[in-house]
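Look at TrEMBL and you will find 336-353 tagged as compositional bias 'Basic and acidic residues'. Look at TrEMBL and you will find 204 tagged as N6-(pyridoxal phosphate)lysine. The feature region 'Disordered' is assigned by TrEMBL to 336-369.
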């Protein structure tokens, strides 16, 4: 309903003057959500920070990388952009690499740090600290760290502790951020107070249609400094008063959709309690599924389940070896299999007795394929010493 209404209104709320209602509703909704997540007050409009609705996490990361880049280059000089380094784990979404390259970061300066199964594929603090120290010793400048809460492949959680270096820390909780409205899952974003920005996708697990990514920043002025545009035809008294928010300066594009309306309707229609129950019901189903997989010897749970996704795999068959099996026995078995295969590949003959032979196994497969795709029924039968094709109609 909210999506339908926003499309019908066709509001283009790039600044406060173009649509005060859309701008004010977005600030209210973002503070509501921030309080549901129990984000630190500096992330809220009421605490000096603020939130903005982006299209996707890709856009949110690009905006924050650009803000971090300009913040650092204004201090060390624009000519040192080649020294900037971005950090993440090898499980981080590919959106970071794309955003960093668009922002001018050299691909060689994107550090995808290796994770281990022993750490549940989360980013290791010691690995990060070592990488930072190595780059600083080489004269490079640490710029940006993307910590993920709920990675795409295994829902791994990176530690959110702050860094001793002056580095922009972004928390990407695209999938799992919705679960953090529940008190029992809030600990997954403990340490977010040390981050500079935080985002999650409401269109993933929050009853909201695509596209709707929620981004909060502690210091919105860095976004404005990097992304603002103020041509003469957009000047107005409200903007110049510095008392209103122009969301065009918080994103890449100029025009923007009325996304806050659909999110407002979700919050007002379901309420915080029902949204939490919705999340918990999915987690309970995943917990039951995990138990069933664990009890089945054919499968293995690869990493512990954190949210509503179970990462498991099919185990290879466990066949006990014969007593006294020797290497020579294995070699003889392989040779016998090879001999039988050679006999079976001797040819495919015309079942009518014409004597035509297709010694090449590829030609035999072509014959089978042509018969199958032409609608004629047939079947393979194994007769010693070769493989024959029987069909109602022979196809040369």
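Note: Cβ is positioned from N, Cα and C throughout, glycine not excepted.
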- Task: Please state whether DSSP places residue 204 (N6-(pyridoxal phosphate)lysine) in a helix, a strand or coil.
- Result: helix
- Query: Once the chains shown are all counted, how many other Cβ atoms turn up within 10 Å of the Cβ of residue 204 (N6-(pyridoxal phosphate)lysine)?
  - Reply: 18
